[in-house]
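Quick look at what TrEMBL annotates:
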DOMAIN    A:23-252  domain 'ABC transmembrane type-2'
TRANSMEM  A:29-47  transmembrane segment
TRANSMEM  A:59-85  transmembrane segment
TRANSMEM  A:105-130  transmembrane segment
TRANSMEM  A:142-165  transmembrane segment
TRANSMEM  A:171-192  transmembrane segment
TRANSMEM  A:228-249  transmembrane segment
Amino acid sequence: MKVQAMVTAFNTIVIREIRRFTRIWPQTLLPPAVTMTLYFIIFGNLIGSRIGEMGGFDYMAFIVPGLIMMAVITSSYANVVSSFFSMKFQRSIEELLVSPVPNWIILAGYVCGGMARGLGIGLIVTLLSLAFTRLEIHNLPMVVLTVFLTSALFALGGFINAMLATKFDDISIVPTFVLTPLTYLGGVFYSISLLPDFWQGVSMINPILYMVNAFRFGILGVSDVNPFVALGMILVFIALLTAISLRMLKRGKGIRH
Amino acid sequence: MTNALEIEGLTKTYGDGFHALKGIDMNVRQGDFFALLGPNGAGKSTTLGIVCSLVNKTGGKVRVFGYDIDTHLSDAKLNLGVVPQEFNFNQFEKVFDIVTTQAGYYGIPLKQAKVSAEKYLRKLGLWDKKDTPARMLSGGMKRRLMIARALVHEPKLLILDEPTAGVDIELRRSMWTFLEEMNRQGTTIILTTHYLEEAEALCRNIAIIDHGRILKHTSKRELLQQLHVETFVLDTETTLESAPELEGFPCRLSDEGALEVEVEKGQGLNRVFVQLEQQGIKVVSMRTKANRLEELFIRMVEENAREASGGAA
């Protein structure tokens, strides 16, 4: 396949993904906006006003980066896992398999589709947060880099989940029992410096902690971990999950007999 | 001239140990209208699935217009259009989007894809449904949508797996006309079908597959020449109580009361009519029974089954 044709195929996949999640916006764009607004009102305003400062900032300002990141992570993951699994379920994945699109373009297309939704939700949540607090960006490149890479990483995670899933239950297990607990325990609502030493140590093996803190560093300039270590970790995970995804595609895991 | 499709020693063993293909060889010439026939589970869909890369082969070689699918898969796929047996499009997408998206997968820019999609949706009578979600279409329309989708990148080889399954007679005939036109314009067509009448009407060359082996791979004409006996159905003026004795022609009464007479190749029909005249039986109309290919197909598959069970014993 020629380069121009590959670009067209890539654009086709991304546009189809964007068309999909915008067509069903009450299921894809609205819920995180409503949920995050409730977080801002309840945790930020009502409870946050009694908590006082955290990490040198008022509680609302402290949780905003974590909540944006939480929305980006769950949306990027959810978009790819549900879209790709639906294609498998309806067998419309065969449209792609019979075409000359290389596997890496298929993967890139889906990941970018997931990122489009994740980053779109991130933008919506950021705009909503402005109604509750002022955001002063401490380090814009760090903000952009962290949110893009994290979104890509979880879109890849969603892709692998979809490849392995054989029924609809399988696509909700990871988000419910892995992603949500790791996100809540990943320093979205608190600084791990509040925890006893043992639990601080345990928290350090949670990869989402690094992403949330790198993003928080970009916005507020404070972090529980070294943000550059966090970026390095995200890159390593992206490389690993990309390799796994491409291998699964090559072998046709769950999509070819 | 390079063949449109070349298959050599193709084998497929599924994960559960089932040997779906046991080393098949098959060639389809450019411009051919080719039928791959066989009973359920014979290996037809597996064979075509491997050609379209929906199924991983275990062994053997497949070349599409000379492109080996092991080394030049992308080039091979560019020449292929596929109409699967089951509906495999996103039911929630609009007809036009399904077809243009497929064109995009083949690297066709959107502007050009829209022109091509319109051409084939019009040809297949779906243009007025272009903005309709696929789930709202009738069964026949969904089949035609899959044909339009398969043709949007103008492939040189079109593979159709049971294209007229569940389609009413009128629509089936119009699809035949469409496919014949595509073939006349140079598209090589391979189809599998359970309607042997369809294969007999459309195809020039035929392969019969059963239990993962090719039983016959020849032209339709040659295949039909192997049929030594043809059955004629005679409607008589008066209802017969029992089948008459016709010397040299086995005959019987059908459930509907018509007289079925078996005539071997080379025997004239005149002797049948002379004998019937002598017995005072007047024939008012005559036709051949079913289609000849079906008789031959059933005979071959039955013989294969007998040989297989004999071998096992």
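Numbering starts at 1 and runs along the chain as displayed.
Quick reminder: no glycine exception, Cβ is built from N, Cα and C everywhere.
Caution: TrEMBL annotation is automatic and unverified by curators.
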Intrachain residues whose Cβ lies under 8 Å of the transmembrane segment (A:59-85), provided they are six or more past its termini: 17, 20-21, 28, 32, 35-36, 39-40, 43-45, 47-49, 51-53, 93, 110-111, 113-122, 124-126, 129, 132-135, 146-147, 150-152, 154-159, 161-163, 165, 168, 170-171, 174-175, 179-180, 183, 186-189, 191, 208, 211-212, 215-216, 218-220
Other parts of the chain folded back onto the transmembrane segment (A:105-130), taken as Cβ under 8 Å at six or more residues beyond its ends: 6, 9-10, 12-14, 16-18, 20-21, 28-29, 32-33, 36-37, 40, 64, 67-69, 71-73, 75-80, 83-84, 96, 147-148, 151-152, 154-156, 158-159, 242, 245-246, 249
Same-chain residues at least 6 beyond the ends of the transmembrane segment (A:142-165) whose Cβ lies under 8 Å from its Cβ atoms: 68-69, 72-74, 76-85, 88, 107, 110-115, 118-119, 122, 171, 174, 179, 211, 214-215, 217-219, 227, 230-231, 234-235, 237-238, 241-242, 244-245, 248-249, 253-255
